[in-house]
Structures are given as C-alpha cells and as structure tokens.
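K.L.:
Quick one: structure below, then a few questions.
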There are 2 protein chains.
Amino acid sequence: MSGVRTLVLATRNAKKVPEMRAILAEAGLDIEVVGLDAYPDAPDVAETENTFTGNALLKARAVAAHTGLPAVADDSGLRVDELNGMPGVLSARWSGRFGEAAGDRDAANLDLVLDQLADTPEERRGAEFVAAAALVLPTGREHVVEGVFRGTLTTGPRGGNGFGYDPIFVPEGETRTTAEMSAAEKNAISHRGIAFRALARELLALG
Amino acid sequence: MSGVRTLVLATRNAKKVPEMRAILAEAGLDIEVVGLDAYPDAPDVAETENTFTGNALLKARAVAAHTGLPAVADDSGLRVDELNGMPGVLSARWSGRFGEAAGDRDAANLDLVLDQLADTPEERRGAEFVAAAALVLPTGREHVVEGVFRGTLTTGPRGGNGFGYDPIFVPEGETRTTAEMSAAEKNAISHRGIAFRALARELLALG
C-alpha cells in the first residue's frame, strides 16, 4: 500500500484525469485522482525549462505546494530527428502562434514541421513523442520519469482524433497515424501512458 | 604556387565573388574567380544533405563536373543553442515560406526564431553562424572546411545591412548586430570569411 490516498493531477485537460485513474486502478492502486478544476486558484506555472522533466517538476512542485497534496504533472512534445530533437519543449508554440485557438495553433505547428521536412526523404523522417511525468510529495520527495514513443512522420495530416502532432505521427509497426486511432488504442501505447504507468509503479513502491 | 589558375564559385549571389577574390588576393594567390553567371547551364543542385559540409560538397562537385574547372561552393546558416542547433541547414526555409521574395522570407524566418525564443532568457540566447566551404578539383581531390562565428540573439531586429538572420545576431564582444555593420566589417570576422580564408590556405598548400 502506498501512503498516498489522493493525488492532484496538475492539468486542466479533462481527458487526462480519467486516463490517470484507469492506469492507477490497473496497477491495483486505490488512489483518488482530482484535476485542477477542484483548485481554481492553483497557480499557472510558465514552462520555462528547456527539458520535459524540468517543466513537469516545476508544475508538480507548484501544485503540491498550493494544495498540500501529492501532485503529478506531465509535459510532453514531439522530437523530430531531422530537427535535432526539436520542436521538443516548444512543440505547442513551434509556429509562434500564441494568440490563436488551440486547433488552429495545432494545425499551424504541424504544417510548419511538414514544410521544414519538405525535402527530407522517408528514411530520415524518424520522430518520437516524449512525455515526462513528475510526482512531488508534500514531504518534498520527487520522482520523475519519461516515456518515449518512436515513429515516423507522414508527408500530410491524416485522421481527426487526438490533438497536436497526432495527424502526422505513425507509431513504429503501425500504418495509421495516432489521429486515426481511438483514444484507448493510443493511450495503451503512447508516451504519456508509458510515463503514467511508470509513475504508478513508483507509487506502488512507495507503500 | 598552386596549380589552380581559375576557379568557379558555385553561387549566383553577386556579392560573394568579389569577397572570394579579395580573400585570395590577400593570401597572395593569383587566381581568377568566376561566378555561375558565366555558366548559365550549370545545374541547380538541391541542398538535400543535413550538414553544411555535405551540401557544400554536393554543389562544388556538380559545378566541377559541369565546368571541368576547380569549383568552390559554400553552405551556411544559423545554429541556435536553445533550438538544439536548428535552423541549421534549414535556415533559409525555416518558416516554410518557399514561394515568397527573399526579403519577406528572411523576415518571416527571423520572426519565427524570435517567437520560438520568446521565453528564453538572455543567458540562454547563444547562437552561431556556420559556413562550410568546399573545394573540388577536376582530379577528384576534395577539401572542405567550416567557419564558426559565435554570438547571441537579440529580442528584436536591428539594422538594415546584410541579409538572413543578420538583424538579430550580435557577435561575441560586439554590441551591434551584423546588420548594423558594413559588409567589410562583417566579412573580416564572419563565418564565411573564416571558411574562405581557410580554403585559401588549402589552395596555397596545393602549390
């Protein structure tokens, strides 16, 4: 048994909370997961670090300090081989479209990556989704893990599910993009699933 | 004495030919330099390699093969520390604006880099201009050198000289951007000057 009864997931994304709940339940952990909806005054933390683990820790620390509860935060993005691992931590703002709606910004970001790779042949179109997940306990103890999900980039978007770069990312061994998979299919193999399951094992080990 | 009497500089940029002539004369070399204007049928070589040296060699090989003369080609760009060395070989097409006039594309490229670095503090705004210069002789002998020019990036463009990323690049030990310097000042310290002077030494050593 882990000593943790409740944890706060440092996200306002409504889809991440049930994903985390399911992963903890699968791991045999009886832990209540609440999102930041329950904490409207929680601070908005700027992602100023240049690593995923650094940003996940920043957010988890701030939420643990604000709530007094164990907190989990994640940060994720796309690393493109031909772009030396960029957009990386800049994935959500790669095209510099700060002011636009998320859907338009997503489309601008992936269009820019496709343009930047316009002359890149198939064998050099490798990429990976990466997610860091950090757990910060009120005692100050910190755990951070990273999940990596390899694939290749298409030459044009395909599929309407998911978000971000999903329409151009084909996982290794797949022919579909992650935007052509259901949320459940993607969660079973994705970078955030890998990272959240690794954190679940950390929580089990804490008992 | 080098055996080389004439060399073709694989460029349609009219400013590079006199720069190369001056550098060879300074090195004491009596070599005639001609640009691609003299060879309207020379092939346009796509820069498909993902290194500056690879692209410079591609272009020099193609022009040496076409003209039967010693050929020099260069490829250059900006490596930004915070972008893991990108835009790199994609410097001229970083914003994906293929169809636009060079000036508009330059502005779009540097605006995008500034946006991508919007949250990057001064101490992490390091960057370097890099130029590779390749010499290919009709005998098949090849030489390739790289010049690196360190500096930092501003938060907004300054100056009207130069081209490309010059308005946002401040060389180490300077307070002006390279777009606030004269062409002569910039050539004396720049990445392409460093690379061309290194090739001039190679040509001297060939004698």
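Every residue gets a Cβ built from N, Cα and C, even glycine.
Taken from TrEMBL, the feature active site, proton acceptor covers B:ASP75. The substrate binding site annotation in TrEMBL covers B:THR11, B:ARG12, B:ASN13, B:ALA14, B:LYS15, B:LYS16, B:SER76, B:PHE163, B:GLY164, B:TYR165, B:ASP166, B:LYS186, B:HIS191, B:ARG192. Residues or ranges marked as Mg(2+) binding site in TrEMBL: B:ASP75.
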K.L.:
Of all the recorded positions given, B:ASP75, B:ASP166, which has the fewest Cβ neighbours within 10 Å once its own Cβ is left out?
P.N.:
B:ASP166
K.L.:
Radius 10 Å, atoms counted are CB only; among the binding-site residues B:THR11, B:ASN13, B:SER76, which position scores highest?
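P.N.:
For the binding-site residues B:THR11, B:ASN13, B:SER76, the Cβ with the most other Cβ atoms within 10 Å is B:SER76.
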K.L.:
If you pair up every Cα among B:THR11, B:ARG12, B:ASN13, B:ALA14, B:LYS15, B:LYS16, B:SER76, B:PHE163, B:GLY164, B:TYR165, B:ASP166, B:LYS186, B:HIS191, B:ARG192, the residues annotated as binding substrate, what's the maximum separation in angstrom, rounded to an integer?
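P.N.:
Of all Cα pairs among the recorded substrate binders, the widest measures 20 Å.
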K.L.:
Same-chain residues six or more away whose CB lies under 8 A from the CB of B:LYS15 (substrate binding site)?
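P.N.:
When sequence neighbours closer than 6 are ignored, B:LYS15 (substrate binding site) has B:ALA183 within Cβ distance under 8 Å.
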K.L.:
Spatially, and counting Cα to Cα, which of the binding-site residues is closest to B:ASP75 (active site, proton acceptor)? Options: B:THR11, B:ASN13, B:GLY164, B:ASP166.
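P.N.:
Result for B:ASP75 (active site, proton acceptor): the nearest of the binding-site residues is B:THR11.
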